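As given in Swiss-Prot:
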- Gly353, Lys378, Ser396, Tyr397, Asn481, Arg485: ATP binding site (BINDING)
- 68-85: compositional bias 'Pro residues' (COMPBIAS)
- 86-98: compositional bias 'Low complexity' (COMPBIAS)
- 106-145: compositional bias 'Low complexity' (COMPBIAS)
- 593-611: compositional bias 'Low complexity' (COMPBIAS)
- 421-480: domain 'PAP-associated' (DOMAIN)
- 56-184: region 'Disordered' (REGION)
- 593-625: region 'Disordered' (REGION)
- 731-785: region 'Disordered' (REGION)
Amino acid sequence: MDPRVAWIQPEQKGPANALWMQIWETSQGVGRGGSGFASYFCLNSPALDTAAAPGAAGRAAPAAGGPGPAPAASSPPPAPGPAALPPALLTALGPAADSARRLHKSPSLSSSSSSSSSNAESGTESPGCSSSSSSSTSLGRAGSGRTFFSFADGAAHAHPGPRGSTPAGSPPQHQFHPGRRKRENKASTYGLNYLLSGSRAATLSGGGGPGAQAARPGTPWKSRAYSPGIQGLHEEIIDFYNFMSPCPEEAAMRREVVKRIETVVKDLWPTADVQIFGSFSTGLYLPTSDIDLVVFGKWERPPLQLLEQALRKHNVAEPCSIKVLDKATVPIIKLTDQETEVKVDISFNMETGVRAAEFIKNYMKKYSLLPYLILVLKQFLLQRDLNEVFTGGISSYSLILMAISFLQLHPRIDARRADENLGMLLVEFFELYGRNFNYLKTGIRIKEGGAYIAKEEIMKAMTSGYRPSMLCIEDPLLPGNDVGRSSYGAMQVKQVFDYAYIVLSHAVSPLARSYPNRDSESTLGRIIKVTQEVIDYRRWIKEKWGSRILPSPDLDNRIKIKERITTCNGEQMQSREPSSPYTQRLTLSLSSPQLLSSGSSASSVSSLSGSDIDSDTPPCTTPSVYQFSLQAPTTLMASLPTALPMPSSKPQPAASRTLIMTTNNQTRVTIPPPTLGVAPVPCRQAGVDGTTSLKAVHSVTSPAIPSASPNPLSSPHLYHKQHNGMKLSMKGSHNHTQGGGYSSVGSGAVRPPVGNRGHHQYNRTGWRRKKHAHTRDSLPVSLSR
């Protein structure tokens, strides 16, 4: 069982798990190196469940704002280190465990192995050092009395003193496999099977003594009992999104990092312009996501080395973390902020992301369920170290385009509705890209409504002599550019998607209701887990930046965010005012009860990550657009006045008289509402007043809880194998279709219920259709585009 792909499921736990892991290790030739230690051993621990959190909170009360002293302003983020190995792991390793105990690491070894595969591509070497492995250590100590899962005890308290120093009485930090940089990824669950292979009491609880810790399932978002089947998965995805969505403290911390780097840039080039792009601009970032910056100026060549020296001089970044990738497609500087451990990628004169950011934000408005899928999929790939191209995964831009294409071409549902089942969509996404999609012959097209096209057709428009890659995605903004051309590990991603489909489809099947652990185990937790390191890191951020959330001084006037709760019976009401001449926009959370209110003074450019720029998108020229994200705590929203009524959105154009059954234009048959009514969906309308330079009004709605589908696991794209669909002539008057069917949803109207009429009625003559046109409410067949 590959620890990078699959986990031991709750029903599979037993005494033979450790033996099966050893058999897999022997068959793969793993662990036969010089040290005899498994290089993929997981360094992170699963997070405590919400039910067990009070005990952990009690132990960490002094550091969390209790009677103890407050953390120092200069204290680094928690950096837990491992101690003794679990008994189950020692049994699984056998003779390798003795080598693991004697395993030491010198600074020279850390220096030589700390360079990533990105440096190998660029041909540049940075001064190597590793603060987490600078001292010679051993993995286990006989008298330590600490278990492998005691990370949270040391992580709950911020360690004072300089970085790299080991406090007295605490286990030294060690990096097991720096070549893969597992230690830098706090969310990594690589090798989690070793922690799951032993008995639950010995492995997850650290023994059965009185001081044993609570079980760590790694599902801190699970705070209630969910419905059975696919409906429960839908509810759990919503809770996961609300739990992992960025909080105002995290946004404030990232703005401070940007401000420090911007100060260094302004000292060098006073006329330079520093802008933000990437997930920070769109709000689709995880707690450990990086920050992408672009510096605009007048240079013939990007001054990478000059900025690198300035960053070292001002001690902005960890000296060992600064890497210059000057041989990449787009030269960038990669660094890690010294105070917050946030990774930052800096590029020069890269304006490609401006249009890409607007493109993704427009689709986020069009598909209100898109952010939920993206956040789950990002976490799914991040914990498996498949979220970047140079680590063998795919870029976030490729992932977003795949999700957009999936929603565009879904044959049965209208993805623009806010009451679709997220659990159904997630399972079908894994089924499509894990099993059904033909990566060898098919490419993905997003523009013009979306389509699946042959790679031969894409190759005709390819530039620079490139051939279509395994994961071929046509760039919707740059024709001829293949977004996934550098994703050499696309088949690995396909494998994990297939694994996720198998696990989730079994978990939501009717047979799963007979499992003895059906009420205690998390369905989403079978494929996604949150580590305790991420939880401690977020708690440290909230403690340190909780008192710094103030209105941004860069805004001209105060911004008041207003919220009005209404009910819209499952329909999403979207209305917004024209944007200002300064092209500043407001990005709001689509589901969280906390609206975004803390202003960001930095500008956004794109939703691409640093690896996307490095490998996927060639540079182009386009005007700069300043963006920022606003967030607000829930307590502030209760005292704000209600918003004024806002006009409805632009109505959809009238449908044409020809129905083309292709991937671009699809036939949708409305289904009569179920007998069990769906509860009205609370919708929030948020308006922004106060300045003339900022005008944005968005409707924010939480996805409703739809009724369970009778066939939740059918293939989502069975109707898209043909590229040239037949045309059906629609005779008679079609003027009445504009007010009903599919087009009425886009204009904010309520869709009237339509009976389930058979297809034989469409063979009527034209005069009879005209005669009864005024008696119909709407046609059961509506045109999508």
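A Cβ is built for glycine as well, from the same backbone N, Cα and C atoms used for every other residue.
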CB contacts for Asn481 (ATP binding site) [other CB atoms within 10 A, all chains]: 21
Packing count at Lys378 (ATP binding site) (other Cβ atoms within 10 Å of its Cβ): 21
DSSP helix/strand/coil residue counts for the domain 'PAP-associated' (421-480): 21 helix, 10 strand, 29 coil
Whole-number mean of pLDDT values that fall within the domain 'PAP-associated' (421-480): 89
Lowest local Cβ density among Gly353, Ser396, Tyr397, Arg485, which the record lists as binding-site residues, within 10 Å: Arg485
Secondary structure at Gly353 (ATP binding site), reduced by DSSP to three states: helix
In three-state DSSP terms, the structure that Asn481 (ATP binding site) belongs to: coil
Recorded ATP binding residues, Gly353, Lys378, Ser396, Tyr397, Asn481, Arg485 - maximal Cα separation rounded to whole Å: 23
